Ligand SMILES: O=c1[nH]c(=O)c2[nH]c(=O)[nH]c2[nH]1
């Protein structure tokens, strides 16, 4: 029996980086979670414990902080590309890098109608994300959004599904539809892209479509949301969506002699339906390693 080392990568996960950029008295905050992962010829450390080729994960973490000092962080996609290219160009044995960044939102606190210079409130759970892959001199960027919680209180139906002896779900022509959107979109190119504008347009396409598309299933809504992103931004080749169906069940108030006309719901947290899918152009092109080791959706 022969045993060999298979694919591997290593890095520092979830480096918490906050920068304060001072424009006179006005401060700008950047709050990121950065994960680095390196690949290459790392057989020796696994097979013999020889660490001569191992760029320590501690060094990777320090590099994230030092880069944030040496130049403005800027767009998360550019910051991730800089970090990935640094690791692969500085160390011969490192041939690939995957940099994941989540950007946490903060809003300026409004004091009597005036935005405060240096006080902020966190804008919920929503994160802007990017996953940059560098391998053999090539680069891929998959950006997105996660934790984007949306709900519509009507304009959603679900009926016409098969019934068997295990089916209890009532057909409905008026239900609450709610989800926490995880969306990832793959860019065709990594140069000349206005990352912020693409993010803003993609996000707007997602939420506007969720709001306006009359839904016969969350699957139909998923497809429409992905399609809207592709229609809005030609730079994007492919969109992957993961949509938990955050069920809101009508509470049976009849034991109390009360009717319930779609007014009182139980917001269940689990189990939940999980609707996932890809929407892509017919000329989406070869994704290369863009999705490699990322969740399928
Ligand atoms: O939009 C939905 N899609 C489903 O596949 C499904 N299954 C279910 O029980 N409720 C729903 N809703």
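Glycine is treated like the rest: Cβ placed from N, Cα and C.
Checking the candidates 175, 203, 232, 233 against TrEMBL: the one annotated together with 57, 158, 219, 245 at the 5-hydroxyisourate site is 175. For ligand 1, the recorded positions lying close by, meaning a CB under 6 A from one of its atoms, are 158; the full candidate list was 158, 175, 247.
Residue pair residue 158 (5-hydroxyisourate binding site) / residue 12 (active site, charge relay system) shows a Cα separation of 44 Å.
Comparing residue 175 (5-hydroxyisourate binding site) with residue 247 (active site, charge relay system), their Cα atoms are 9 Å apart once rounded.
With respect to their backbone Cα atoms, residue 247 (active site, charge relay system) and residue 219 (5-hydroxyisourate binding site) stand 14 Å from each other. For residue 57 (5-hydroxyisourate binding site), the same-chain residues that are 6 or more apart in sequence and have a Cβ closer than 8 Å to its Cβ are 10, 11, 12, 36.
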